[in-house]
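**Student:** First the structure, which I've put down as structure tokens, then a few questions once you've had a look.
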């Protein structure tokens with residue numbers, strides 16, 4: 001794992017193609033792109049067939065249009081998402097804001113985990129519909145249907161690896177933040193700084209005051 005925030009080098013460095021293509025998430029994304037491309041290409045290419053008695057096209061998976069739509073949809077979205085995150089990986093080290101890096105890594109983690117689940121559902125769905133398909137309904141496109149099922153199965157693991165790598169990057173960023181965080185709470189064992197003692201000055205009588213005469217020695221005026 002590279003040093004820096006969230007598994008990437010510190011911002012400001014130049015783009016290094018060799019280091020970029022050697023990153024585990026980049027290699028896994030390229031594999032995921034190829035797998036997704038094969039899946040939706042097989043469905044778009046030979047996933048819809050027609051019988052001799054009709055010109056209407058049907059999905060090769062037990063004539064279930066939802067199966068073809070689901071497989072092609074997750075394949076196309078997986079391909080586009082992989083391309084997007086490849087661009088993010090290329091410019092990730094140029095992002096200086098740690099908060100932006102965190103949100104990108106979290107987005108990668110959530111999307112990869114979701115697509116791992118969707119590929120699992122797609123594999124089970126396509127396998128179930130293919131098992132229920134009548135042999136007479138599949139004159140062509142059988143190999144493409146099997147290929148779509150096979151590479152859907154492989155996509156489960158590739159996206160699972162991407163989710164695991166994203167989690168490791170997120171955890172590395174959180175750990176780095178905790179290590180560099182300084183608690184502003186003062187140490188209770190540290191004595192408080194004593195305030196400077198107030199200097200006692202000699203009291204001075206304020207001006208413009210009259211001394212109060214005491215009644216001691218008072219004599220009344222003479223009476224005539």
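Glycine is treated like the rest: Cβ placed from N, Cα and C.
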**Student:** Do you know which of 52-72, 73-93 Swiss-Prot annotates as transmembrane segment?
**Tutor:** 73-93
**Student:** State the residue range annotated as transmembrane segment by Swiss-Prot; the candidates are 105-125, 126-146.
**Tutor:** 105-125
**Student:** Using Swiss-Prot as the reference, determine which range in 147-167, 168-188 is annotated transmembrane segment.
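**Tutor:** Swiss-Prot lists transmembrane segment for residues 147-167.
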**Student:** Examine the ranges 30-50, 198-218 and name the one recorded by Swiss-Prot as transmembrane segment.
**Tutor:** 30-50
**Student:** Against the transmembrane segment (105-125), which of these stretches has the most C-beta pairs under 8 Å: 30-50, 73-93, 147-167?
**Tutor:** 147-167
